[in-house]
Amino acid sequence: MASGRNHGFHIPNPHIREMEQDVLYHIALETKSHDLPAMFGNVKFVCVGGSPNRMKHLADYLQEQLHVEIPAGMTLCNLGKGKARYAMYKVGPVLCVSHGMGVPSLSILLHELFKLLFHAKCKDVTIIRVGTSGGIGLDPGTVVVTEEALNTFLEPYYTQVILGKETKKPSVLDRGLAEAILGCSSPKDNFKTVLGKTMCANDFYEEQARLDGAVCTFTEKEKMDYLHELYAAGVRNIEMEAVAFAAMCHRVNIKGAVVCVTLVNRLKGDQVTATNEIMREYQRRPQRIVGRYIRQQLGLD
Ligand code: R2B
Ligand code: URA
């Protein structure tokens, strides 16, 4: 089996070296029965996002934008169909994969995705989370490119308990990548794209200061004071994966970025009330920005 340090990024796990085969259980791939370098060796960009449908839409959109040929009568297929926990679509050099909701689901996927890239001998890969979030002081539909991912103590760390001990891993995103993605917005867009800090919570309701969960222990004033405090600290959106995403990318030395559309302005309310049509339009916005970035990187613009 290959060594743990290779291919521009590294897998800081000496045990991988000793394994005869590696079963990437949740993405239904394995080193013995799949030729991973042949299947995935040309991957340069990985886009991840919460929902399988959104990732399918992104894959279809990128297929068109990147002029990736698909044989007549065929459509993009979900590589994990039937067996995997996550939906995965490959569009030329781009892999689009769903990660579910929250850090635990994302972290399982990233372990297996990073090992996949390693086993496939991919080089110079960039990974982008293309997602949704709640905005603070922004019009719904605004796209936020994360400049720093923070935990709910507003610290740039991902906290994990390993062998019963608390560990803090720095959440580091690539600043140059964030700025390059921000630079792909256009004054002609019918929405704004901004750079801002992103707070990552482990819950959609109480941890995100919502009054509308099944349980709530704080007042409206306490909620508003807290959200204003977040705004003053530079936080422009809240979601549920950024801090682990940033820390895990940093540990394997892969450039990562987080690009999320805001579905609601939390200074004005808690409920996500946009119609299905508006929601679909909002969700396409970060996809358009990221699509432009990938086109530019591939020399298509
Ligand atoms: C954004 O949206 C989801 C919760 O609705 C969660 O995955 C996130 O980060
Ligand atoms: N996702 C979140 O985590 N929070 C929101 O408010 C909206 C989407």
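Any Cβ shown, glycine's included, is placed from N, Cα and C.
Caution: TrEMBL annotation is automatic and unverified by curators.
Averaged across the domain 'Nucleoside phosphorylase' (44-295), pLDDT for the predicted model comes to 96. Among the features that TrEMBL reports, domain 'Nucleoside phosphorylase' is placed at 44-295.
The annotation phosphate binding site is assigned in TrEMBL to ARG85, ARG129, VAL130, GLY131, THR132. Secondary structure at VAL130 (phosphate binding site), as computed by DSSP, is strand.
The substrate binding site annotation in TrEMBL covers GLN208, ARG210. The local packing around GLN208 (substrate binding site), expressed as other Cβ atoms within 10 Å of its Cβ over all shown chains, amounts to 22.
Sparsest Cβ environment among the binding-site residues ARG85, ARG129, ARG210 (other Cβ atoms counted within 10 Å): ARG85.
Between the CA atoms of GLY131 (phosphate binding site) and GLN208 (substrate binding site) there is a gap of 16 Å. Within the set ARG85, ARG129, VAL130, GLY131, THR132 that the record links to phosphate, no two Cα atoms are more than 20 Å apart, and one pair reaches that distance. For the pair ARG85 (phosphate binding site) and ARG210 (substrate binding site), the Cα-Cα distance reads 29 Å.
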